[in-house]
Amino acid sequence: MLLFQIFPCPWFLISFLVPCYGSLQPGFSKLQRGYRLDRKLIQSFTELSFLDCVIECLVTPRCKSVNYFKGANFCEINYENKTTAETRYMESAGWVYSEKEHWPKELAGACSNSTCEINQTCKHKRYSEDKFFECVLSDCGIPDQNGINLSSIKREDAIGIHRRIHASCADGYSQSGSGQLNCQSNGEWKYNIVCEDVDECQEDPCLNGANCTNTPGSFTCTCDAGWTGIVCNEEFEIPLSLTPFMIFGTNEYREYTQHARYIKCKGVQSGTEH
Ligand SMILES: *[C@@H]1O[C@H](CO)[C@@H](O)[C@H](O)[C@H]1NC(C)=O
Ligand SMILES: *[C@@H]1O[C@H](CO)[C@@H](O)[C@H](O)[C@H]1NC(C)=O
Ligand SMILES: *[C@@H]1O[C@H](CO)[C@@H](O)[C@H](O)[C@H]1NC(C)=O
Ligand SMILES: *[C@@H]1O[C@H](CO)[C@@H](O)[C@H](O)[C@H]1NC(C)=O
Ligand SMILES: *[C@@H]1O[C@H](CO)[C@@H](O)[C@H](O)[C@H]1NC(C)=O
């Protein structure tokens, strides 16, 4: 046991595991050499063998894929895969990309039967038949606070415990604070950012007598009769098939007079055809 702790993945064990788990083969054959998934990190590890990197993903319910840099035995586990985060999948020399689902879950030993939560990781004794495992907090989750834009996330950012990410406020919010989010040891984000909704109605964006309603990150205009468009700057057009006569005769009349200045003027007031 001591040997396993000193050397996280002894090479003789890999060659031993391959014949043990015949289904290991698909995982190796589906490796994507020269690729990695960018900016979707849960956690990264140094001095880990590739197989240990895969196992780290298998014991972390949120993990969907891994990036591995062979030259430095550097392991990254991701909370997305190349299908769920297509635009973040890119060529990257020296890296190997692999999907969690290409590996047999039995590789995780006792942890393959764990009931850890999505924000936890299962700690186990590697390669042992031991039934012992425990669930410990792994990350703070993907921040979902209103008004935060995660497009400004940096290459080294991660959502794991004691890691941090760089965020900014979404369009329509004003920002205060450094923009850093720190994942604390209790599994909760410390937000060094406050995104306050901007009240766009203060600038009277709605035209032609429309009413303005502020919404989180945006605003809506309720147009006056005869106007349409996002800021009510377009004249409402009456479908040609509807003559004033037809409109007068139906319940549509009230609806149309609310929206169509055209009908009000030329229909109601003068009573003539358009
Ligand atoms: C990627 O993740 C999704 C969602 O978890 C999953 O359905 C899919 O099978 C995964 N792998 C691939 C190759 O799409
Ligand atoms: C996981 O559970 C299955 C079915 O309950 C059992 O056959 C298997 O041995 C268990 N695996 C481990 C590693 O405990
Ligand atoms: C987030 O930021 C990106 C780049 O800065 C920008 O293009 C995008 O519109 C923003 N999204 C929101 C919802 O603010
Ligand atoms: C971890 O996830 C569980 C269930 O998904 C949730 O109840 C719990 O609050 C989360 N813990 C933290 C620290 O966010
Ligand atoms: C705007 O709001 C006022 C007060 O609520 C209301 O009287 C008026 O009819 C509204 N105008 C439009 C175009 O909805």
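Each Cβ is built from the backbone N, Cα and C atoms, and glycine gets one as well.
According to TrEMBL:
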type	residues	note
SIGNAL	1-22	signal peptide
DOMAIN	20-102	domain 'Apple'
DOMAIN	138-197	domain 'Sushi'
DISULFID	Cys140-Cys183	disulfide bond
DOMAIN	197-233	domain 'EGF-like'
DISULFID	Cys223-Cys232	disulfide bond
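In this model, the domain 'Apple' (20-102) carries an average pLDDT of 92. In this structure, the CA atom of Cys232 (disulfide bond) is 45 Å away from the CA atom of Cys183 (disulfide bond). Listed disulfide-bonded residues: Cys140, Cys183, Cys223. Those with a CB atom under 6 Å from ligand 1: none. Distance noted between the C-alpha atoms of Cys140 (disulfide bond) and Cys223 (disulfide bond) is 44 Å. On a Cα basis, Cys183 (disulfide bond) lies 45 Å away from Cys223 (disulfide bond). In this view, Cys140 (disulfide bond) is surrounded by 25 other Cβ atoms within 10 Å of its Cβ, with every protein chain counted.
Per DSSP, the secondary structure of the domain 'Sushi' (138-197) breaks down as 3 helix, 30 strand, 27 coil.
Sequence-distant neighbours of Cys183 (disulfide bond) (same chain, 6+ apart, CB under 8 A from its CB) are Asp139, Cys140, Ala158, Ile159, Gly160, Ile161, His162, Arg163, Arg164, Trp189, Lys190. In terms of DSSP helix, strand and coil, the domain 'Apple' (20-102) has 25 helix, 32 strand, 26 coil.
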